[in-house]
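Here is what Swiss-Prot records for this protein:
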type: REGION; residues: 1-299; note: region 'Disordered'
type: COMPBIAS; residues: 38-59; note: compositional bias 'Basic and acidic residues'
type: COMPBIAS; residues: 88-104; note: compositional bias 'Basic and acidic residues'
type: COMPBIAS; residues: 114-249; note: compositional bias 'Basic and acidic residues'
type: COMPBIAS; residues: 268-278; note: compositional bias 'Low complexity'
type: DOMAIN; residues: 321-607; note: domain 'mRNA cap 0 methyltransferase'
type: BINDING; residues: Asn330, Asn331; note: mRNA binding site
type: BINDING; residues: Lys334, Gly353, Asp375, Asp405, Gln428, Tyr433; note: S-adenosyl-L-methionine binding site
type: SITE; residues: Lys356; note: site 'mRNA cap binding'
type: SITE; residues: Lys362; note: site 'mRNA cap binding'
type: SITE; residues: Arg387; note: site 'mRNA cap binding'
type: SITE; residues: His432; note: site 'mRNA cap binding'
type: SITE; residues: Glu531; note: site 'mRNA cap binding'
type: SITE; residues: Tyr599; note: site 'mRNA cap binding'
Amino acid sequence: MYDPARDCYQAEGESADARDAAEIAGGEFLADSATPETKSDSTKSDGNDPKQETSETKRPAYNYLPKIARKETTSGSRDAASAKPQLKRREREDVRVAGDRVAPRADMGSYVDYSEKESRERQDRDRDSRDHRDRDRDRDRGRDRYDSRDRDRYDSRDRPRDYDSRDRDRDRDRDRYDDRVRDYDSRERDRYDDRARDYDRGSRDSRDYRDRHDRERERYDSGNSRETRDVRESRERSLSPTREPKPHDPAAPAPSKQKRPSQRGGREAAAARAAQYRAEMEKREARAQAAAQQGDQVGDSLVRNHYNQAPERGVVARQSSPIIKLRNFNNFIKSVLIQKQSLGFGMRVIDMGCGKGGDLNKWSRQRVRDYIGVDIADVSVQQASERYHNMQPRPRFYAEFHVADAFGTPLIDIINPRAFPVDCISSQFAMHYAFATEELARSMLTNVSNSLCRDGVFLGTIPNSDKILEGIAGGLKESEPKEGEERYGYFGNSVYKVEFNTPPTKDQAFRPPFGHKYTFYLQDAINNVPEYVVPFEVFRALASDYNLELIYKKPFLEMFDEEVKNDLNMARLAERMKVFKEDGSLGIDGDQREACGFYLAFAFRKLGA
């Protein structure tokens, strides 16, 4: 029956005092082990209760169940120290069995459990509604834990966002990287300037700097003092075509075996005539050299003025040029030459005849370390510097530009000596100006040889002398007369034209090999600028005198066909640079193809130290 004072059910005849004594003793209290007082009390019957049991059929009053029901304890004001023993005591608490319902003590919290005989409907009806709330709360708590793990696993910048946010983050990261690169460049530049100031005012290390500078000047003055013994001996054994045989001296006497005193007067007269002849020849050479220098100065001024007056065109104007296919083709050839013949990452490069800086992006893709541009046209150098500072993305290499003649002036007088030696020297569509005289050509090769390190590379593009000979042999067209100028004839087409003011050579070689002048015209690019023929075999033999070995030589058209056919990456590069024919295939056709065939590419390697 239910006891309101204890808030639980108790069996008939149960003694409360005996049960409390059992709780205090901690033992099991069963009907079999009850005291006489308890048995006598248990045999008492209540007349009002219809359910009375005899002593033979009495069920045990208490029994431990193997499974304790789910509970909700309310500790109230009890502290943590007293709550733990109380919990253990509740685990040992016996449960009153009344019928088929299990009910806990009042001080044990609210237990809810049912026997196997209870129906599912009654379980659902009597189950506490708070159980559902607990299950929902646990499910939400688990979902929160999963979300927190997901937040910890992925950074906030890696989550899908709108394109504007990603662009802003990318720009921010790029700006941070550019700031680091700019800070590094500024530190390097400041350190470079500090060393230069120490060198100028004479610091502790100035003596070593000046001695090194003097040694460099001696190397330039001596022509090529770093050549090896084997190279020098091979050069002395080989006959260079640039060295012409000396003319016959008519005043020189015939060799005679007579040694009589009567022959002394004749020998003295012959020696006097020979000295007079040599003096006349020296005067003639001096006049010719002065005329050549005057012509070179006029030619240099024309070249300088032409490139200074050429306007700087934007990307849109260049794309609308009538020779855009030729420009794309030439840029592709230069890109392939730089990519395949240069040394690779971390180079220090000198560009002789840098112009407006059209090759800055090509060298940037090679990840060079330093770029030094030298050109005779001051306006072009200024435009090249502006192009470098406006490059997007910002360049990762240091660049400096100088206005000077890279062929006739020693580079050590133009560039700081600490920049030498360099890994690569490039001269794109400019080296033919150095073949105006032999002295200028040798000065150019001296700069190249003395500036390169061991195994350094000298590469460039020049007009093909074989194509010039073919054009002359095919017959020259008559030039239109013009007042104040002498014109002999020309060959070419609507895109380019090579015109001679004097009758060109008729044989298959240019003798003498220097000073063969012609006027070159290229549509929308070059307007009748004087240039000079570069006989390539003469150039190769002359370069061997300066420890430069030829490693590559290809005309433009052959080079394009070979690279596109054998290298898939080069074919993809040609597609990106839009080198297409009219039918959409790779290449160039029409008059622009003939103009591209006018040039060739070369590369030399520096031998020795």
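Each residue, glycine too, has its Cβ placed from N, Cα and C.
What you see is a predicted model, and the numbers here were worked out from it, not measured in a lab.
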Completion exercise
CA pair Tyr599 (site 'mRNA cap binding') / Asn330 (mRNA binding site), Å rounded to integer, equals 9
Exercise for the section: Would you mind pulling the DSSP three-state label for Gln428 (S-adenosyl-L-methionine binding site)? Expected result: strand
Exercise for the section: Measure from the CA atom of Glu531 (site 'mRNA cap binding') to the CA atom of His432 (site 'mRNA cap binding') and give the result in Å, rounded to a whole number. Expected result: 7
Completion exercise
Min neighbour Cβ count (10 Å) across recorded positions Tyr433, Tyr599 flags Tyr599
Exercise for the section: Check the recorded positions Asp375, Asp405, Glu531 for other C-beta atoms within 10 angstroms of each C-beta and report the one with the most. Expected result: Asp375
Practice task
Tell me, in order along the sequence, which recorded sites from Lys356, Lys362, Arg387 have their CA within 10 Å of Lys334 (S-adenosyl-L-methionine binding site).
Solution key: Lys362
Problem - Using Cα positions only, nearest of the recorded sites to Asp375 (S-adenosyl-L-methionine binding site) (Lys356, Lys362, Arg387, Glu531) - result: Lys356
Practice task
Report the member of Asn330, Asn331, Gln428 (the binding-site residues) whose C-beta atom has the most other C-beta atoms within 10 angstroms.
Solution key: Gln428
Fill in the blank from the handout: Looking only at the recorded positions Gly353, Arg387, Tyr433, Glu531, Asn330 (mRNA binding site) has its closest CA neighbour at Gly353
Exercise for the section: With Lys356 (site 'mRNA cap binding') as the reference Cα, tell me which of the recorded positions Asn331, Lys362, Arg387, Glu531 is the closest one. Expected result: Arg387
Fill in the blank from the handout: Residues near Arg387 (site 'mRNA cap binding') by Cβ (under 8 Å) yet at least 6 apart in sequence within the same chain, in sequence order, are Lys356, Gly357, Leu360
Handout entry: Close in space, distant in sequence - Gly353 (S-adenosyl-L-methionine binding site), Cβ under 8 Å, 6 or more apart
Key = Val374, Asp375, Ile376, Ala406, Ser427, Gln428, Phe429, Ala430, Met431, Tyr433
Handout entry: C-beta crowding around His432 (site 'mRNA cap binding'), within 10 angstroms
Key = 21
Exercise for the section: Name, in the order they occur in the sequence, the residues of the same chain whose CB lies under 8 A from the CB of Lys362 (site 'mRNA cap binding') and which sit 6 or more residues away. Expected result: Asn331, Lys334, Ser335, Ile338
Fill in the blank from the handout: Between the C-alpha atoms of Asp405 (S-adenosyl-L-methionine binding site) and Glu531 (site 'mRNA cap binding'), the distance in angstrom, to the nearest integer, is 16
Handout entry: Local backbone state of Asp405 (S-adenosyl-L-methionine binding site), from DSSP in three classes
Key = coil
